[in-house]
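Taken verbatim from Swiss-Prot:
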- 1-16: signal peptide (SIGNAL)
- 46-272: domain 'Peptidase S1' (DOMAIN)
- 74-90: disulfide bond (DISULFID)
- 89: active site, charge relay system (ACT_SITE)
- 135: active site, charge relay system (ACT_SITE)
- 144: N-linked glycosylation site (CARBOHYD)
- 193: N-linked glycosylation site (CARBOHYD)
- 202-215: disulfide bond (DISULFID)
- 225-250: disulfide bond (DISULFID)
- 229: active site, charge relay system (ACT_SITE)
């Protein structure tokens, strides 16, 4: 199984957007080569996301991380007034992290938009970049945030949700990710709705899917794509997943998410969030 950690700038892709006139760095994504390569050109496959009503996903965050002269972007969610949930691969090796909240269009000035520095961040101690296991991390912000209509907390699973069967349920993934495999980005928050599939079906594609992960169907061509890494997967207003990996054939293979309910104890140890 071939795994590639990709920063889109390596392909010469320019993300023509900015946050308050500051150029947005490329996104950081994990691509896993499917066992059987789809018979489509990923550059032609547009992911059928829809623009959300502005600020209707108020826990959605946009992060920019840096290490030396290299910067990259990811998504995430606000889980307490001071902690952000994201994927481990989004903050691994970062020397600085900046989190933007209350945003809808990254390229426009919005009075609701707030950018806060990360004070510290931690990834799961058993994160495996080879098999993409335990792809979860948290960021402590430098200050507590004031909640507003545009900045709210994500609702995470309860202890009763541990081990529940999610197969067949409709889930929503959201973010500022690319609208196709490589070339087109968006400055507005998009969402895509689809159905959770079994890990067995997902493993027919990737062979590395674990019980601590959950997969989203690609029926109708709706899927998470490059740039959505770290963002939320929500079922009935509860965040059950974190965008982890997929293939560059966004519209032709499932997306894989870290299953949040598998890490409730870890989150309680490494953040202020408490399970109900």
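Glycine is treated like the rest: Cβ placed from N, Cα and C.
The recorded positions under consideration are 90, 135, 144, 202. Their Cβ neighbour counts within 10 Å are lowest for 144. Residue 229 (active site, charge relay system) and residue 202 (disulfide bond) are 18 Å apart (CA-CA, integer value). In the shown protein chains, 24 other C-beta atoms lie within 10 A of the C-beta of residue 89 (active site, charge relay system). All protein chains included, residue 229 (active site, charge relay system) registers 30 other Cβ atoms within 10 Å of its own Cβ. The Cβ neighbour count for residue 193 (N-linked glycosylation site), using a 10 Å radius and every protein chain shown, is 16.
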